[in-house]
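Below is one structure, written out as structure tokens, with a few remarks after it.
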Amino acid sequence: MGKGSSGGGAWWAFLLLAGVLLAVAATAAGAEEDVATEVAAAADRDPKEDLRWCRKGCQWQYGQDTRQRKECERDCRQRHREQEQDADEEDGSGRGSCRSQCMRRHEDEPWRVQECVSQCRRRRGGGDDDVAVDACEGADRCRERCERRHRGDWQGKQRCLMECRRREQEEDVDDRCPCPCRRQCERHGDPATRQRCVEACQRRREEERRHGGGDADEEGSRGGRCERKCRRHSDWQTRQRCLQQCEQRERQEEGGRDDAGDGKDTYCADRCQSMCRQRHRGDREMQRRCARKCEREEGCPRRRDATADADEAEEDDGNDRCSQQCQHHRDPDRKQQCMRECRRHQGRSDDDDTRAGEDDS
């Protein structure tokens, strides 16, 4: 009799424990659903909630990385200003539906609503109404995976979603980005930062096309010629400098400002170089930068004589040597620091050789 009572008591204790566990699980799931509902309702009432959640997403994603977190928050503020400017145009234009679509699609990811609205409005502004609000094909996979791993932990699920989105962006960013913007944003090692750079570049190019008309096409053809010419440089910084110099020469040629034969222009450039040699003795790289800055400030036209071409070729060769020497650095900041030290050391070596030659003569 006592033995049966003991077995029955254990059975009732087991049932009671199972009921408690079910109640806890239901409470956690309900709490997560309540948080998501509260987030969606708050953001629907006040568009400024998008900005707040976007900033919170930057904090979750980058944590102690102050530089990238500030860059992410700056993009949040930029998108918020654009949405405020577009607020007056929403009535009757159909663009107001972007927000409701994004709210439904990202009700459990409030930090993505602001970016989604910006992308939707850009597509609507370009006349492409049939494009989906979110082009990421792996969005549903990420959501299902993170819900299984972090059931009941809303904040943990947000971090999981961020990591999953970042991996998805890293896999398909090269397929979705226009070539000029992708080339311009290669310097960013972090996929999320590179994607934001590409989106900002796309916005600028769309604004140029809207306001500039044919000038944007002309700029694109000029950039294509310079891109082919500067493709030989493997280092990103050297290639960008080559592109800037090439495009500047193209603009000067198109504007009819080729004044290389004018003695006054030569005197202007020579004066800058002489001043910078005195100011930065022994540092050839600083002499070049100082001379370029001085020529821009003084308005000196770029020389097209053999000396200028030789200097540019010499600088390119030096940059190629330095880029090969520093290519083992994966971190962009360390690679740039290595490049600067290499150029500075190379400039001193060239000056020492020059002084030695003068002493021998």
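Each residue, glycine too, has its Cβ placed from N, Cα and C.
Features as listed in Swiss-Prot:
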SIGNAL    1-30  signal peptide
DISULFID  Cys98-Cys120  disulfide bond
DISULFID  Cys102-Cys116  disulfide bond
DISULFID  Cys142-Cys164  disulfide bond
DISULFID  Cys146-Cys160  disulfide bond
COMPBIAS  296-307  compositional bias 'Basic and acidic residues'
COMPBIAS  308-318  compositional bias 'Acidic residues'
DISULFID  Cys322-Cys342  disulfide bond
DISULFID  Cys326-Cys338  disulfide bond
COMPBIAS  328-341  compositional bias 'Basic and acidic residues'
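Location within the structure of each feature annotated in Swiss-Prot.
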{"residue": "Cys98", "record": "disulfide bond", "CB count, 10 Å": "22"}
{"residue": "Cys102", "record": "disulfide bond", "CB count, 10 Å": "25"}
{"residue": "Cys142", "record": "disulfide bond", "CB count, 10 Å": "20"}
{"residue": "Cys146", "record": "disulfide bond", "CB count, 10 Å": "22"}
{"residue": "Cys160", "record": "disulfide bond", "CB count, 10 Å": "19"}
{"residue": "Cys164", "record": "disulfide bond", "CB count, 10 Å": "18"}
{"residue": "Cys322", "record": "disulfide bond", "CB count, 10 Å": "24"}
{"residue": "Cys326", "record": "disulfide bond", "CB count, 10 Å": "18"}
{"residue": "Cys338", "record": "disulfide bond", "CB count, 10 Å": "18"}
{"residue": "Cys342", "record": "disulfide bond", "CB count, 10 Å": "19"}
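Checking Cα-Cα distances from Cys160 (disulfide bond) against the disulfide-bonded residues (Cys98, Cys116, Cys342) with a 10 Å cut-off leaves nothing; none qualify. Cβ neighbour count for Cys120 (disulfide bond) (all protein chains, 10 Å cutoff from its Cβ): 21. Taking Cys116 (disulfide bond) as the reference point, the disulfide-bonded residues whose C-alpha atoms are within 10 Å of its C-alpha, out of Cys98, Cys164, Cys322, are Cys98. Within 10 Å of the Cβ of Cys116 (disulfide bond) there are 20 other Cβ atoms, across all protein chains.
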